[in-house]
Amino acid sequence: MTTEAIHDSHDNHDGEHHDHKMTGIKRWLLTTNHKDIGSMYLWFSFIMFLTGGAMAMVIRAELFQPGLQIVDPDFFNQMTTVHGLIMVFGAIMPAFTGLANWMIPMMVGAPDMALPRLNNWSFWILPFAFSILLASFFMEGGAPNFGWTFYAPLSTTYSNGSTAFFVFAVHIMGISSIMGAINIVVTIMNMRAPGMTYMKMPLFVWTFFITAYLLIAVMPVLAGTVTMVLTDTYFGTSFFDAAGGGDPVLFQHIFWFFGHPEVYIMILPAFGIVSTTIPAFSRKKLFGYSSMVYATASIAFLSFIVWAHHMFTTGMPLFGELFFMYCTMLIAVPTGVKVFNWVATMWRGAISFEVPMLFSIAFVILFTIGGFSGLMLALTPVDFQYHDTYFVVAHFHYVLVTGALFSIYAGAYYWLPKWTGFMFDETLAKAHFWCSLISVNLLFFPMHFLGLAGMPRRIPDYALQFADFNKWVSIGGFAFGLSQLIFLWVVIKCIKGGEKAPAKPWDGAEGLEWTVPSPAPYHTFETPPKID
Amino acid sequence: MSSKEYESYYVPAQSHWPIIGAVALFLIAIGAGKYVSVLKTGEASWGGYVLLFGIAMIIYMVWGWFSNVINESMAGKYSHQMDNSFKQGMSWFIFSEVMFFAAFFGALFYARMFSVPWLGGEANNAMTWEVLWPEFQATWPLIKTPDGTETTAMGWYGLPLINTILLLTSSVTAHFAHVSLEQNKRPQLKAWMWATVILGSVFLYLQVLEYQHAYADDMKLYLDSGIYGNTFFMLTGFHGMHVTLGTVMLITMLVRIYKGHFTPENHFAFKAASWYWHFVDVVWVFLFVFVYVL
Ligand code: HEM
Ligand SMILES: [Cu+2]
């Protein structure tokens with residue numbers, strides 16, 4: 001069945017039939033256009049990234065030297081907590097949703113997302129949710145200080161006055177994620193152009209498809225978790241209190257049942273992005289497309305049965321320790337398949353090193369380092385030593401910063417010409433890449449050693465023997481923070497003008513998005529393209 | 001667009017409903033946040049008012065938004081493909097609701113299988129028991145918590161059993177209503193819908209009676225009566241809220257049926273409401289088995 005989109009324009013008759021967008025703020029508040037909404041998601045996530053980044057700067061400033069010098073310990077804890085919450089839920093996830101919004105309809109040849117009004121709602125909830133979270137800094141007792149994982153009883157018995165606001169902010173943010181995910185799933189299942197069978201979809205689309213399922217499955221569990229925290233704190237329940245028959249460890253089970261799939265929500269789309277850019281700049285087809293699809297699906301499946309690898313030291317029964325150890329190590333298999341496929345795609349390709357490719361190659365190498373440290377953490381006996389040390393911090397920053405974030409940069413540079421109609425400033429962008437690459441490793445690599453030497457995470461002060469490494473880590477941190485401003489500069493410059501971008505600026509690029517002009521017109525594929 | 005070679009996919013123009021909905025959720029969140037924060041101190045606050053205002057606003061939004069959708073649908077702007085989008089959207093929404101309940105069922109199973117027996121010294125927890133609460137008896141339902149809060153268990157016979165029968169019957173009547181709609185038998189459709197709505201409402205009424213029984217009579221079964229009371233009220237409470245929502249949906253459908261909406265081919269909203277109804281029924285079956293009977 002073929003379809004043609006009908007764009008409704010009853011409420012503005014400005015004559016321009018094909019570009020009937022409103023002007024000013026109203027355009028953004030009321031829009032149903034996937035490109036507008038995608039742009040808003042991307043800008044929002046970047047603002048959140050800078051906000052969370054500022055908090056990281058406070059953390060690194062405090063840790064520059066041993067001793068307490070800049071902030072008091074409670075405020076330090078608020079910084080680590082809100083930094084984590086903002087980066088996970090405010091920066092990485094919305095950035096991916098923004099990319100999904102912009103690219104998926106174009107990649108599958110659809111006129112828009114399947115449920116455009118719902119799409120607008122999903123986005124606009126986010127600024128409100130994060131305003132609440134940030135406003136809690138000004139409330140009595142300050143912002144949440146129990147870590148982004150809000151373990152009970154820190155978040156219940158010992159929490160400060162703003163916990164209820166935290167809970168409801170997470171609730172509405174979760175509503176936004178679920179609706180956004182439903183929209184992605186429905187768009188992919190129902191809006192593909194005729195002939196675009198599932199196994200012909202770009203891998204980018206596949207990874208978002210699977211990610212959206214993960215979101216629909218686990219965001220409600222997060223909602224349940226925060227609800228129990230709420231009732232334990234304010235209504236006298238004892239889900240997480242042994243005195244009433246509950247168990248604080250139950251909190252960790254429910255949280256990580258959400259939490260581990262959540263970390264894959266932040267990495268599967270990254271796999272999709274680099275699986276798009278690497279073939280484009282290697283001028284070869286993606287090696288092992290179908291194995292990539294199956295690997296993604298099996299990672300998603302396995303992510304539901306490994307959650308307790310975050311809980312090896314809670315005193316689980318031995319069988320639990322073994323089960324979760326082996327299942328976790330099993331994830332390395334499909335992950336390895338992916339890394340192998342990316343390398344095989346580059347093998348004997350005619351590679352050129354444009355900025356998106358630089359970020360993608362860095363992704364492959366550095367994400368693999370993060371995967372290896374994950375594998376080390378997955379070994380129950382050694383995790384007894386590594387758990388809650390800087391080694392864990394190093395691990396998850398390698399997978400999240402040089403993994404997820406770098407892939408977002410790769411994607412952003414890859415599609416910027418399509419979004420703005422102009423080529424970005426290559427020199428500046430390269431500066432952004434090299435500054436980021438060097439500083440990020442200075443920032444996170446020494447953390448491995450700090451962790452192995454026993455420096456605990458989430459502390460504002462530390463023993464003297466960790467001083468030297470911490471100094472270098474902080475310097476790397478400031479440098480990385482500053483380097484991200486270059487990106488802002490590149491983007492603004494690229495929006496303002498530059499060399500005109502052709503419809504397909506990368507000669508090896510494939511996909512429907514390159515068949516439309518740059519910048520992509522406000523409405524694309526009102527009549528579905530033919531796919532063979 | 002002139003030749004009808006293509007079926008059309010309707011992409012709505014700008015809409016102000018989503019932003020109204022976002023503001024409404026914002027108000028709900030801060031209102032509820034404030035309201036809950038001062039609950040213990042008993043201080044007066046703006047929380048409750050803002051919360052109520054937010055809820056009113058979201059009802060207004062749902063009303064306006066759905067009216068738009070209904071008008072578009074009645075104006076024939078939708079296609080078969082659009083219908084599919086709605087259906088898939090609704091199914092995945094219901095799936096997300098299933099996962100929400102799964103979290104609370106998870107808590108229930110964990111308490112029953114692990115935390116309560118462990119507090120009683122099972123597995124390798126003999127010392128926990130001996131040192132912390134040597135008086136504690138691990139039983140389910142947990143009628144005396146380690147810190148000594150006492151309560152009684154709600155039996156399954158009586159109200160819960162009647163409620164199970166009511167809800168299961170209502171699932172059947174909802175199904176017959178659907179069949180009647182598909183066969184275009186409007187009088188039967190109305191009758192079956194009335195039956196479903198009435199069964200649902202009676203269920204809710206009995207649920208209220210049960211809560212009164214738990215709180216007011218001698219049962220001493222409260223939300224804060226330890227893990228048994230916690231899981232009992234959170235599970236039945238959230239289920240009750242969902243039944244309420246489902247009943248409101250069914251009543252809306254009934255009104256629309258009287259207005260002459262829906263055709264045997266085209267009745268997405270009706271389907272969605274009935275799926276939702278079947279979903280709350282299935283959840284109840286699990287509740288009945290795991291919260292009441294076992
Ligand atoms: C090869 C795959 C991976 C393995 C085997 C693995 C294993 C682990 C283990 C065992 C821990 C717990 C360490 C501890 O607390 O003692 C952990 C923590 C963590 N991992 Fe991974 N991981 C993998 C990939 C990823 C990916 C792809 C992400 C995200 C994109 C990620 C994000 C995290 C985060 C955020 C934490 C720390 C959570 C916290 O306690 O705050 N991991 N990982
Ligand atoms: Cu994990």
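Please read every residue number as a count from 1 along the shown chain.
Each residue, glycine too, has its Cβ placed from N, Cα and C.
Sequence annotations record features per position, and here TrEMBL assigns domain 'Heme-copper oxidase subunit III family profile' to B:5-294.
TrEMBL lists B:16-36 (among others) with the feature transmembrane segment.
The transmembrane segment annotation in TrEMBL covers B:48-70 (among others).
Sequence-distant contacts of the transmembrane segment (B:90-111), counting only residues of its own chain at least 6 positions beyond either end whose CB sits under 8 Å from a CB of the stretch, comprise 142, 227, 230-231, 234-235, 238-239, 242, 271-272, 275-276, 279, 283, 286, 290-291. The transmembrane segment annotation in TrEMBL covers B:90-111 (among others).
Note on the transmembrane segment (B:156-179): residues 188-189, 192-193, 195-196, 199-200, 202-203, 206-207, 209-210, 213, 243, 250, 270-271, 274, 277-278, 280-281, 284-285, 288, 292-293 of its chain, located 6 or more positions outside it, place their CB under 8 angstroms from a CB of the stretch. The annotation transmembrane segment is assigned in TrEMBL to B:156-179 (among others).
What TrEMBL lists as transmembrane segment is B:191-211 (among others).
What TrEMBL lists as transmembrane segment is B:232-255 (among others).
Residues annotated as transmembrane segment in TrEMBL: B:275-293 (among others). When Cβ-Cβ distances below 8 Å are used as the criterion, the transmembrane segment (B:275-293) is approached by residues 90-91, 94, 97-98, 101, 105, 108-109, 154-156, 160, 163-164, 167-168, 170-171, 174-175, 196, 200, 231-232, 235-236, 239, 242-243, 245-246, 249-250 of the same chain, each at least six residues removed from its ends.
On the 0 to 100 pLDDT scale, the domain 'Heme-copper oxidase subunit III family profile' (B:5-294) averages 93 in the predicted structure.
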